[in-house]
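Please read the structure below before turning to the comments.
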Amino acid sequence: MTVLFSSRALTGIFILALFFSLYVARSFLLPIIIAFLLNLILAPLVRSLKQLGVNDGLAAALIVIALLEGAAFAVLALAEPASQWMQRSPVLLQQAERKLFPLKEAVKEVEKTAEEVEDLTKAKPEGYSIEIEQGSQLKDILFTSTWGTVTNLIFIFFLLYFFLAFGDLFLHKLVKVMPTWTQKRQALEMVYEVQAKVSRYLLTITLINLGLGLVVGTTLYFIDLPNALLWGALAGLFNFIPYLGPLGIFIILTGAAILSFEELSQVLLVPGVFLFITTLEGQLITPLILGRSLSLNPLVIFLGITFGVWFWGIPGAFTAVPLLVIAKTICDHSSSLTPISEFLAR
């Protein structure tokens, strides 16, 4: 009994120490995790180039350069509409205040009535003050400055190159250290299955989100919402965060519609169309394409995202679901971890 208790206590201490280490080393680990996830998405392209006779190093370099060019093009394309919104923000805020003035007055009347009722029922409490702590952990978690952002991006792209060019080397080393042929075969099967499933999931989700962003941006363009390209790109990007991402874009688009249109019908059309598109994608298209093999429990997804935000900030929100998919795929391949896989599954 004492031995069992000691074993469980040591396991608990190990888990706490592991999470503490992951939190402390987040600035080092997050670029590695992001590069690894990008590697899983782009690895099939490297294999395709290898089949055409291109060596690993050159194939990895071509893909990383293409990714850099695509990212630079996207940033340049979105920088202008984003800067326009920033420049117009004072005027837009004045317009929003004017449009929301009746609602603001109604809220003031309700507050005034509530205060009068409170005065009649009890004495006024003594004065108190609220101290607001300045600053946020977000700046410590998500690249604190422009230089920090550039440094982390360079680190990510270098890591991505090495993952793509020399990823198979780690697999060969893993097979080499296995003592028996049976264990070598089992290790290869597990690694290949995990790579195939997770790569398929990430690539599929990426293509779906690109399509979602394109559809949202095109639809908003025909509705005449200004900077439709920017909103479409944000919709595709934030859709990598299930539930919370679309909710955030819904709120942003509603605000943009209030600032851009005078007619109530036009204002309601923007969030209504987005809600229809994202519901169609989330409830029909994505489950139909992915199937049930990689579907996760919605509660697990929500808890994973909220934990990721608390633990690693915004990058934690984006990496939570892919890491859960990796964990589920590994558990599927191990009979001893089947209960965990069942818990994670939908």
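Using N, Cα and C of the backbone, Cβ positions are placed for all residues, glycine too.
TrEMBL lists 93-123 with the feature coiled coil. Averaged across the coiled coil (93-123), the predicted model reaches a pLDDT of 60.
The transmembrane segment annotation in TrEMBL covers 5-22 (among others).
Among the features that TrEMBL reports, transmembrane segment is placed at 28-46 (among others).
What TrEMBL lists as transmembrane segment is 58-79 (among others).
If you look up TrEMBL, you'll see 153-171 (among others) marked as transmembrane segment.
As annotated by TrEMBL, transmembrane segment applies to 201-223 (among others).
If you look up TrEMBL, you'll see 243-261 (among others) marked as transmembrane segment.
Within its own chain, the transmembrane segment (268-289) is flanked in space by residues 204-205, 208, 212, 215-216, 219-220, 223, 225, 235, 239, 242, 246, 249-250, 253-254, 256-257, 261, 295, which lie at least six positions past its ends and keep a Cβ under 8 Å from the stretch. The annotation transmembrane segment is assigned in TrEMBL to 268-289 (among others).
Within the chain, the transmembrane segment (301-327) has long-range Cβ neighbours (under 8 A, six or more residues past its boundaries) at 19, 22-23, 26, 30, 33-34, 37, 40, 137-138, 141-142, 194, 197-198, 201-202, 240-245, 294, 340, 344. Summarising the annotation, TrEMBL assigns transmembrane segment to 301-327 (among others).
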Maximum Cβ pairs under 8 Å to the transmembrane segment (201-223) - stretch from the list 28-46, 58-79, 153-171, 243-261: 28-46
Interface-richest range of 28-46, 58-79, 243-261 toward the transmembrane segment (153-171), CB pairs under 8 Å: 28-46
Cβ-based contact of the transmembrane segment (58-79) with the transmembrane segment (28-46), 3 or more pairs under 8 Å: yes
